[in-house]
Structure formats: structure tokens, C-alpha cells
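Engineer: TrEMBL lists A:15-36, A:41-60, A:66-86, A:98-117, A:148-167, A:188-218, A:230-258, A:265-284 with the feature transmembrane segment.
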Amino acid sequence: MEIFGVPSALLGSQLLVGLINGSFYAVLSLGLAIIFGLLNIINFAHGAQYMMGAFIAWLALTKLNINYWVALIAAPVLVGLFGVILERTMLRKLYKLDHLYGLLLTFGLALIIEGIFRDQFGISGESYEVPEALAGGVNLGFMFLPIYRAWVIVASLTVCFGTWYMIEKTRLGAYLRAGTENSQIVQALGINVPLLITFTYGYGVALAAFAGVLAAPIFQVNPLMGSNLIIVVFAVVVIGGMGSILGSIVTGIGLGLIEGLTRVFYPEASAVVVFVIMVIVLLLRPAGLFGKAA
Amino acid sequence: MTVKKLISVACTAALATLSAGAQAQISGGVVKIGVLTDLSGTYSDLAGSGAVLATKMAVEDFIAKEKPNFKIEVVSADHQNKADIASNKAREWFEREGVDTATELVTTSVALAVMKVAKEKERIALMSGPASTPITNEQCNDVTVHYTYDTYALANGTARAVTKQGGRSWFFLTADYAFGQALEKDAAAVVTANGGKVLGSVRHPFPGSDFSSFLLKAQSSGAQVIGLANAGADTTNAIKQAAEFGITPTQSLAGLLMFITDIHSLGLRTTQGMYLTEGFYWDLNDETRAWSKRFFGVQKKMPTMVQAGQYSSVYHYLSAIKAAGTDDTKKVMTQMKKMPINDFFAKNGTIREDGRMVHDMYLMQVKKPSESKYPWDYYNVRQTIPAAEAFQPLSQSRCPLVKK
Amino acid sequence: MSTASQPTALIKTEVLYSGLFILGLIAPFAIYPTFLMKLFCFALFASAFNLLLGFAGLLSFGHAAFLGTAGYVCGLMVRDVGVTPEIGILAGTVCAGLLGWVFGILAIRRTGIYFAMITLALAQMVYFVVLQIKATGGEDGLQGVPRGHLFGLIDLSDNIAMYYLVYAVFSIGFFIIYRTIHSPFGQILKAIRENEPRAISLGYDVNKFKLMAFVISASLAGLAGATKTLIFQLASLSDVHWHTSGEVVLMTLLGGLGTILGPAVGSATIVTLQNELADKVGSWVTVIMGTIFVVCVLAFRRGIVGEIQALIQRAGIR
């Protein structure tokens, strides 16, 4: 069977690959969206923090013999703590200012972090093997699905929807949402908003690192692995609606799929399709697909 | 008669003073070598600080062995892979700082920009890093030496060997820019010429990170060989993901532009059995081992062919200055083309009129992890490709300097 | 700037600008001309960007598109069509202006971060087109553009002649920006930046003014880009890359957002640093740049010129 001259097996496998990439985008854009929602900061260092996650996993395995599963928890915690320090010492001073300054500060931080890692580890990158338990793959008939990729989908979606649940359905989430709407009132109600903000930034950054650890066995662990990704993820957040949690998850997955389809029909354009969509969406729906109109 | 004689005497005297001044025929009394390389970007591992080190080693060795009567200085700069920065720096070096040669020059846009500045200022450009064939074809000029390798040599070596060994049907995974397309074109021509067939190709955005979609396309083409017409992180990611999706070892991969640093970073488990063409390998013989171990002592990495070629090109350049007794661009170029190159890097290498340095290339196969006995023990040398066959023949040259 | 209306301050400003102008005339005899030319290009680019961000409050994250497009157009016209350099520069500027008009129409309907995102997205599309089409040479860049003869007469391969052309271009561009800011049009832009609803209620067609500002800014960025192509005799992908769009934000911010001289000072600082550091610190260039970003945002948000102005004002009050 063929669809538009493309064998359906190939189409099916491309969609599946799109879904895998989409779940990466979802985790990364979720982190960005949370940070933007509460802090009003566009975290340009997200790509660098993603890279840090992957590097910590690699360092842990090769230098300390700490396995993948531990790294999956430890790396996000460490990078999250790093984020907390950044928030406490620098970002805190920018909340009352224009978005521009937060963006520039984090852009500068990204340059510093990537520069240091490049100087330490070189540019070629390091290899991180797929963990023993997830090695190999299954033949789905239309494609060979590596088990690790399936795990990536499961892990990312679990984390995404877990986060969504936490924000939408729990008390902590309610504080967070209220803090986004009007931090002064929430503060007046006796909730420690600055602490909440610090926690949020740390969590958003930890999500980036989590995606980094997930990515380590798939991509070469390389100091610049996040620097080109950030622009795409950024576009995902904007399309979904800045600050919208569900929007960023759904858009992330959706864009992964669309990118997958583009790779079938016009592969050269697969890097630019996301921007085309962004322009169209912003022209038709100014606040993004899931954003609340300002 | 007497007048004529007088003149001729005067001429001889003048000539004598000139040749006596030969020691001082070095502009500014110093030969200044500029290493313009990528110290911070994508190519910083295969060239970068290692190329600067190789240059310094060449200068030290030259001074120790040849005891030249001129001073040598090395300056270096990071061109950040930007042609305008490179062009600006090269101009400044030539115009203001009396730099005699700009060397290394990895990445094509930089190479093309700098070779034009060099021509304008009549200085020499020694290129060890860049890969593109236009440097010695459409864009060629008489002040440029393309030293270590080019896309033709690599694509030619790998594609021919793989096709001859039974890899008859090919599919290309090509980085979507001029250089990737050139690689694909060169390789495809070799494949067809050797009785193979090209089933198709897919262009991926540059730089990419996830190649699984493209690899699946390549897989469904049913080709025996997937040719990787890309470089750097694109190549390593594609190889890694091909293994992940079970594409290798059913279909085999051929890296058309790979360096030992790529193999090192990927590890042998993922790369075993791959064919690639190199201009140099540290573990070829005692000479290469001796030099490479010195290099390793400082850099903590074995040299790539670009870095070894950088040493060789600088050493050759300095030898030519000594032999010619001047650093005058034309004379040095003539001398460089006249003298054969014999060192640990090349045996009987020669620089052709189009600026191409031709020397033996090596077809390598990556070892199995079990075959690797010590660190950086990565290759089995499958074939030495003689200089005459390794590079694009002059008869096919599109360089206007080549007289046909 | 309120002091500028006082006659003494006005004279001081005039003296300052004339002094700077004369300094520019004699500079190539003291400093390496090619370097100065590059510096002036980026100064003009940043000043054009500042017109939009500093005076109209619009953050464009896609200004590299104008710089690069004009550069490619100028390069192609001069190299392949064979026009004289001034026609090439003009063609590049006009194309950048047209592109700016298209960008503007699409982007000005949105504000704040969405405005920035649309410009970024459109610029990414320009990057894609430049990478794809054959005429630009893709990754290799557009190489071997001759500098040619200005008006068919003056040989620009001479660095000093080229320098004075670049200096003239910069001065004209800078003068246009200066006049724009101090014209009624500039005042309206500032009014829009400060309080858009109020400007609307005063009866101004806000979008028309924004679009106008965008087109002027894009054209001048194009002017800088076209000139840059002639200087280096090449146009390359890095000119259209989003890093360049980011760099110009840094230059403007470092020099002083919304000040007239700030962007020029900022770009001079950055270009000088890049040039000097390239030899000395190697791979640490990006780390140092990043640190400048961070320090600038945390400690000197007014930028170099902004801080100096604040100092002078404080001294004046005392």
C-alpha cells in the first residue's frame, strides 16, 4: 500500500520516529514553559542544561561507574541544584524587568557553560552505551523499533503528564498557578513565593537535564548538542502558547510528528518547517494554540 | 668594449652583493607562520589546538635539524568558522604583521576566502584542513597548496574499495550543503564507474541531530551500502543511530569523510568493520609512531591526518625557504613544487601545478574491539592507495593553471 | 536627554559629534583600515537595530536576515551582473528594505515576545532559502566579489579609498538614524514605546509608524550588510545565522539601549574584543563573551554610554 507514493510501512515508521522526537521536544518545552509561566524568563540556557544532564550521565558512568538508572535521577537533581543557584544569585534580580534581560542573561550563561565543557571535553563528543536492560529491539513488521526508543516515549510521557497532573490537580500546583496569575496576593496569603519560584526554576532545569540523560544513549554526548535544539524547542513553546503546560506537551509531540512527515516528503525542509508553523500559528492565534489571549 | 665590460663587472658585483644578502632575503628578517584554524567550533578536535601544536613542533624540529639563518615565528588565531573573520584576520596578518603564510584553514568557506586574500597580497596559503575540491579546481590559484586530503581522495578511496568488495548498491545520506553534495557526487561517480549502482539519496538538514528518519529511508531502499556524505557530529550521530535501529550490520556504512577522532569518540563497538580513507595513521610504522607519541605527550590525543599534514606542510615550506634563500612567494612556491616531500607523513609527495599535494592514501578498516590491543589501536590498513590513483587526475582538472 | 534642549548642551553635542567625525577622518592612518571598516559596518548595523528596539520598543530577533540578504544581493549584483559598487550597495539596501516591509507587515501585529518570535521565524526561513539556492554558494559562501570602481572611477581595491566609502556610508546611515530619532516621527515612536494605548487614543495609526520604523531599520541594516560584502569581498551563511541576530542585541545592550552613540560604542567594543581575543585566548572567546553578557545584564543594564550619561547627569545636578 502506498500513500502519496510513499510506502505505508515507511510512513508508519516515520510517524513513530516523529513521536519519539516529539516526546523529547515535549519534555524540553515543558521545562521552558513552566519557567516562563512563573518566572517570566525565557530560559535560553535550557539547551546547555540539557547538555549538562547528558554529560553528567556520561561522567558518572565512565568515571564513577554509576549506572544509567541512577544517573536518570541523579543528573536532573544535580543540574536542578545548579539551576537553583543560578536563580538565587542572578535571575532573581531580573523579575521586574523586561523579558529581554532574562533572555540575554541566560543566553550568556549558555555561552559560558558550553564554552567550559568544550574546553574540557573537546568537540567530538563521547559515546554513551544503551543500558543493558534496554538494548536490542523488536520487529514491528513495518519497522525495527529499538527498545530504548520505546522507553524514551514511555519515560517522557510519564514525566510530562506527571508534571501536568502535579500542576493542575495538587495543592502545590494550585499555588504555582496562582503565583503565575498574581504573585502578590499569593504572597499575602502566606505562601513563600520566592521559594516557590526557586523550586520552579530548579524543576524546569531538572526536566532539561532529564531529557539530556534520555538523549545520551541516542545522540553523541557533545558540548554543543543543545545549542541548535534550543531554538526549535523555543518555537514549540511559542506555538503551544507561552506558559501553557498542556500546550507545550501537546505541541511538542505534534511537531515531532509533523517534522517526521516533512522528512518523508521534503527532507531538506525538516529543520525549517517548525518556523513556518510558528509564523502561521502566531498570525492566526496571537497567543499560541493553547495560550490565553493577553 | 670597456664600457660593456664595466657594466658586466658592475652587474656581477651587484649580483654578488645580492646573493651575499641572500641571508637577508627574508622580509623583516623573520619568517612568520600564521595558523588560522577553528579553535572553538566543530572542527576544533580534528584541527584546532592540535594543528597549532603540530606547527610549533615543525618549527622546533626545523630549527634543530636545519639550523636556518633566519628567525621563525608562529602566530595563531581562531576563525570561528566564519569566513569574514578569517578574511579579516588574514588581511591583517599579511598587511600589518608581515605574516608570510596563512596555514591550516579548515572549512571550505574560510579556505576559499583566505586563498583569495593570499593571492591579492601575494602570500602563501597552506591548507591542511579543508576538504573541498574547488580549491584546486575552479577556484585554484598559484599561491595555494592543498596539502593533506580532499573530498575526491576520500570518496574515491572508500567508494572504490567498498564497491569492489561487493558493495554494489548504494544509498547516500547527504548533508544538505555544497560540501555534502560534492562528496556524494564524487562517490557516486566512483561507484558507477566500478560497476555499482546508486539507488538514491536523502538530504538531511545541516546540522542535524536525529537521523533515524533518514536512516529508515536508507534502510527501505534495500541498498547494501549506506554512504555517509556528511561530517563531524552528523556522521557520528548517524553511525550511532544506524546501530541502534539494527541497520548495521545488515547494511554496511561507508563514512566518506571521517577522522580518527570520530572513531575515538564513537568507540569500536559501533564502528567496527567500517571502511574509511585516511591520509595518515599514527600506527603505520616506526616513524609515524615516534612522531605521534611526541604529539600525544602534549595533546593527550593521537594526531589526525590534518594535524600530521600541518606539520609536514610547514616543514616543507620552511625547507623551501632555506633552499631558495628567500621568502619571496613566487620563488618559494616554485621551490616547494620542485622538491619532493619525504617525511613521516608522506613518501615522495609532490605538489602539482594546480596546488594539489599528492601522496599515498590509506584505505582503513576499523578493528573489532577484540582486535584492539592498546589505546588508539583502531585501524587495519587494508590497502595503500598510490598517489597517482588517490587524487583527481590532472587530466580531469578544471583549474585554469593546468596546461593541457 | 532633557538637557539637550538647552543651548549650551546643544553646542556641546555638536562639538562632540564634529570631534568624532574628524577623528573618523584621520583614524585610518593610525588604526588598521580593514578592521575599522568592519567596525563601522557593525556600528551601523547595531544603530539600525537600536532604532527599532531602543526607540520604538520592538525587539527584532531576525535582523541578521537583512544584513545577510543585502550582502548577498550586493555581492551577486557586483560579481555576476557587473554593476558598480554604489549600485550594488543600493540594490542590497532596497532589497533589505523590501524584506523588512514583508517582515514588518507580518510581525507588527504582535507585540513583545511574540513579535521577536515572528521575526526569528521569518529570519530562519531566509536562512533556509539562502542555504538552499545555488546562487549563494550555500555553505561555501559567496566568494570573490570584486570591490570594483566607485562610480566607475575610484578604485576601491585601495584600502584607504574603501575606508572613506565605508565611512561615508556609515556617516550617512548614522545621520539618517539621528534625524529620524529627533524628528516628530521619532517622538511618536517614543510615545508608542512608552504607552501604546495612549498613542492610539491620540489618533495615531500606530501600526503605520511601527512598520515605517521597521522598514527604515531593515534598510539601514541592509546598507551595513551590503557594504560589508564589498569590504571582505564575500558574503557567508554566518551573516544570516541567528547568532548574528543575537550578537547585535548584545552590542546594543552593552553600548546602551536607546542611546544614540551606544550601539556604535557597543559594537566597537565587541568587534575589538573578538579581534584581539581571537589570537590570545583561543577557545575561551565564547566564555568571555558569555561573561560580558551576564555582567552587563546584572550590573550595567544602561550600557556603557547609558552609564556615562547617568554619571554626567548626576554630576550636573550637583
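Keep in mind that glycine also has a Cβ here, set from the backbone N, Cα and C atoms.
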Engineer: When each of A:15-36, A:188-218, A:230-258 is checked against the transmembrane segment (A:66-86) for Cβ pairs under 8 Å, which one has the most?
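Structural biologist: If we count Cβ pairs closer than 8 Å to the transmembrane segment (A:66-86), A:188-218 scores highest.
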Engineer: Report, as numbers and ranges, every residue of the chain located at least six residues beyond the transmembrane segment (A:148-167) whose Cβ falls under 8 Å of a Cβ in that stretch; write 'none' if there are none.
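Structural biologist: Sequence-distant neighbours of the transmembrane segment (A:148-167): 19-20, 23-24, 26-27, 30, 34, 130-131, 134-135, 137-138, 173, 176-177, 203, 207, 210-211, 214, 217-218, 245-246, 249.
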Engineer: Within the same chain, where does the transmembrane segment (A:265-284) have neighbours whose Cβ lies under 8 angstroms from its own Cβ atoms, ignoring anything closer than 6 residues to its ends? I mean 6 or more beyond.
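Structural biologist: Here the qualifying positions are 4, 6, 232, 235-236, 238-239, 255, 258-259.
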Engineer: Taking residues 6+ outside the transmembrane segment (A:41-60), which of them lie with a CB under 8 Å of any CB in it?
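Structural biologist: Distant Cβ neighbours of the transmembrane segment (A:41-60) are 28, 31-32, 35, 66, 68, 70-72, 74-76, 78-79, 82-83, 86, 91, 94-95, 99, 102-103, 106-107, 109-110, 113-114, 117, 121, 126, 128, 201, 204-205, 208-213, 215-216, 219, 221-230, 233-234.
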